[in-house]
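Feature annotations, courtesy of TrEMBL:
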- 12-36: transmembrane segment (TRANSMEM)
- 48-76: transmembrane segment (TRANSMEM)
- 96-120: transmembrane segment (TRANSMEM)
- 170-192: transmembrane segment (TRANSMEM)
- 207-229: transmembrane segment (TRANSMEM)
- 241-262: transmembrane segment (TRANSMEM)
Amino acid sequence: TECEKEPGSLLWIFVMVGNIVRGMGETPIMPLGISYLEDFAKAENSPFYLGCLHTATVIGPFLGFLLASFCAEVFVDLGSVDKEDITITATDARWVGAWWLGILICASLNLLAGIPFWFLPKSLVKEGETNEPEEASKKSVVLLQENGKNEAKQTMYFIPFLKALFRNPVYMLFICITVLQFSAFNGMISFMPKYLEQQFGKSASDAIFLIGVYNLPVICVGYFFGGLFMKKFKINIYQAANIAFWVSLLEYLLYFAAYWTICDTSPVAGLTVSYE
C-alpha cells in the first residue's frame, strides 16, 4: 500500500509560479533593452553596446553553469541530513544534487540587481544631445496622445503591416537564424551533460562545468568582437544580415563534423545485450 500511495506535495506549484514570475521579469530585457539602445545610443555606437549586451547574456549562463556544478555536488537534503549518513557519491546514479539551492541564489541576485532600476529617471537624454529630460518627457507624452487617437487606424492596418513584416527578407532571415541557433543550443544543454556522463564516466557536476568552460567563453568573445567589427566598419543592417547568414551557415557545416565522432554503444541489458 505504501508503494501505491501517490505523493501529495504541492511544492511544484511554488516552482511553477516562480518560473512564471521569472519569465515575466526576463522577457523585457531583450526586446526593450535592444530598443532602448537603438533609441538612445548613437548609430555608430549601438552595435558595440549590443555586443556588450549579448556578451553579458552569455556570461550569465557561464556563471550559471559554474553554480549548477557546485549545487550538483551538494546533496539535495542539505541541512537536514548529516554528511556522515550519506553513503553514495556524486557519481552514483541515485545521487540528487541540491537543485533548489541554485534557484534561491539566482532569485536573491535578481532581486538585488533590480533595485537600481527603481532609481532611474523617467526619461533619459539621447547620447550626444543636450535636451533636458523634461522636454523629452513632454514630447513622449504628445506622441502617446497622438498614438492613442490613431489607435483605431493602426488596428485596421495591422494585417498589412504583418504581411509586410513577413515579406521582409532581413527580418525573416534573422528569425530563421535565431531559431536554428537556439535549437542547437537547447539540444546541447539538454543532452550533452548526459552524454558526457554515459560515455566518459563524468559526474553531473563535472559535465555541467565542462560544457560551460568549453562553449560559453568562446561565444562571449565572438559577441564582443562582432560588436567592435560592426562599429569599426560601420556595417548597415543588410550587410549585417548577410554576414550573419554566411557565418551561421559555416557554423552549421562545421557542426556536421560531429557525425564522425563515434563512440561505442554502452551495453544495456535487454537492448544491446541479452539478459543472460
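Numbers here mean position along the shown chain, with the first residue as 1.
Cβ coordinates come from backbone N, Cα and C, glycine included.
Unlike curated records, TrEMBL annotations are generated automatically.
A Cβ distance under 8 Å defines the sequence-distant neighbours of the transmembrane segment (96-120), meaning residues of its chain 6+ beyond its ends; these are 15, 18, 22, 25, 64, 67-68, 71-76, 78, 90, 204-205.
For the transmembrane segment (48-76), the list of distant contacts is 30, 33-34, 37, 41, 83, 86, 90, 95-102, 105-106, 203-206, 208-209, 211-213, 216-217, 219-220, 223-228, 230-231: same-chain residues at least six beyond its ends, Cβ to Cβ under 8 Å.
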